[in-house]
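Per TrEMBL, active site, proton donor is recorded for Lys167. According to TrEMBL, the feature substrate binding site maps to Lys131, Gln152, Lys155, Gly206, Ser419. Residues or ranges marked as NAD(+) binding site in TrEMBL: Thr251, Asn282. Per TrEMBL, the feature region 'Disordered' maps to 1-25. Under the heading site 'Important for catalysis', TrEMBL lists Asp207.
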Amino acid sequence: MAPALHVTRTTLGHPGGGALSPVNVSRPIPLRRRPAVTTQALHPNFQGHFDDVIARNPGEREFHQAVYEVMQSLSPIAGRVDEYAQWSILKRMCEPERQIIFRVPWTTDSGDVQINRGFRVEFNSALGPYKGGLRFHPSVNLSIIKFLGFEQVFKNSLTGMPIGGGKGGSDFDPKGKSDAEIMRFCQSFMTELYRHIGEYTDVPAGDIGVGGRELGYLFGQYKRITNSWEAGVLTGKGLSWGGSQVRTEATGYGTVFFAQEMLKAKGESLDGKRVIVSGSGNVAIYAVEKVHQLGGTVVAVSDSGGYVVDESGIDLALLQEVKEVQRGRLTDYAEAKGGSARHVADGSIWDVPCDVALPCATQNELSEEHARTLVKNGVRLVAEGANMPCVPEAIEVFREAGILYAPGKASNAGGVATSALEMQQNASRDSWGFEETELRLEEIMRDIHANCLETAEEFDVPGDYVAGANLAGYIKVADAMVAQGVI
């Protein structure tokens, strides 16, 4: 069993959550520990709210950064804030509806008992049931889960689907674990989580460290405990047990569809463009695939051990073999390619010249220095496939240089959009083909792009995708919160 340590209702203050250190932790994804401040000041109407967020959530830098970025974008509606002030919309939107932290005990193959910490932050349900992935990685803590959940609220709003925002996960590291160990961990994790989720309450999905294998174990344990086949309780499921076509590809495909729309708005396309993609996991792999299908050439991908440059274009089949079958490293890719690919252990993938950069690895991976290098080397477009991969200073560099830049809450919304399509199919006991589902995904990404541009134009910040995404997402959620009263 995995009894809850505590369930915090957000009428009270709550402490920050440091992660418990699991045994045998592999090299974690590096995070920049930094305060959430930039050179741009917040509008006076919002500064007090931000100060309150810092006071109520001490030490949660990733969460502070996410809130700051949104508040900064809301300046064009600062004069309208009085419409929402009597309902304390902004203050309520920055406070999760519920935070759940629990112990996850499990045993190794050798019989040793290990303890990890599980999280589920149910952030906002104004538009529908909480929706957001589960992340298993040693870097996971309450701040990271809250920043991801906060971003998810706006991302889900932009999709136009009836879903709220949430996020969850654990500081468990799947790397180096046997299938049996991962199964036992997932079963223990779900033994507590099951009481907090449901197709009309909270619908988790996968994220970093949580793929088809983990979702299968989680769903199986949920089914066993509840004695019910509730297909809509999780998304990202296997096709034979309630999953959707294109769900695996959706975030990577969606990011590229969004980038293509950005270029179309300038009279261009991905055809002939030189592209780099950070990461080599699920999002990156399918971003590579879609770029190649649309005529671009991905020349570099990365993992925590460095990056590989393949000037002839990344060999997708080989990349999938190395990463998805062998669960290997990019050094294995370079060795298999012989002299035609070059692996670089030190340095940054952002040193590679390109027309289009797609950061698809993790938060805060692209620094101000990286941004300046990209601009110097002629980058023309940056679209985020990961959640908040660019630090605020990097975004400012892109803005000052006139580089097309799309925030993840808009450009990587394809994953959750297709999750919502999976929920729709589950509810109707239906199953769509690959082509139909991909066309629906492309249409959703086209609509998100148009919504961002139109909203930015409406509020006199034309071409600003960050402002357009945040304003459009915020207004929709805020209006729903006003309509539903103070809850």
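Glycine is treated like the rest: Cβ placed from N, Cα and C.
Note that the structure is a prediction, hence the values are computed from the model and not measured.
Feature annotations (TrEMBL) mapped to structure.
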{"residue": "Lys131", "record": "substrate binding site", "Cβ contacts under 8 Å, 6 or more apart": "Gln152, Asn156, Ile163, Gly164, Gly165, Gly166, Asp202, Val203, Ala205, Val416, Ser419, Ala420"}
{"residue": "Lys155", "record": "substrate binding site", "Cβ contacts under 8 Å, 6 or more apart": "Gly165, Gly408, Lys409, Ala410, Asn412, Ala413, Val416, Gly473"}
{"residue": "Lys167", "record": "active site, proton donor", "Cβ contacts under 8 Å, 6 or more apart": "Phe119, Arg120, Val121, Phe123, Gly132, Gly133, Leu134, Arg135, Ile145, Lys146, Leu148, Gly149, Gln152, Asp207"}
{"residue": "Gly206", "record": "substrate binding site", "Cβ contacts under 8 Å, 6 or more apart": "Gly133, Leu134, Gly212, Glu214, Leu215, Gly236"}
{"residue": "Thr251", "record": "NAD(+) binding site", "Cβ contacts under 8 Å, 6 or more apart": "Asn282, Val283, Tyr286, Gly385, Asn412, Gly414, Gly415"}
- Message: Taking every protein chain in this structure into account, which of the binding-site residues Asn282, Ser419 has the most other Cβ atoms within 10 Å of its Cβ?
- Response: Ser419
- Query: Considering all pairs of residues in Lys131, Gln152, Lys155, Gly206, Ser419, annotated in the record as contacting substrate, what is the maximal C-alpha distance expressed in whole angstrom?
  - Reply: 16
- Using the Cβ centroid of Lys131, Gln152, Lys155, Gly206, Ser419 as the reference point for the substrate site, which residues of the same chain not in that list have Cβ within 8 Å? Gly132, Gly133, Asn156, Ile163, Gly165, Lys167, Ala205, Thr235, Gly415, Val416
- Query: Is Ser419 (substrate binding site) helix, strand or coil when read with DSSP?
  - Reply: helix
- Query: Tell me, how many other CB atoms lie within 10 A of the CB of Gln152 (substrate binding site), whichever protein chain they belong to?
  - Reply: 26
- Message: Please report the three-state DSSP label of Lys155 (substrate binding site).
- Response: helix
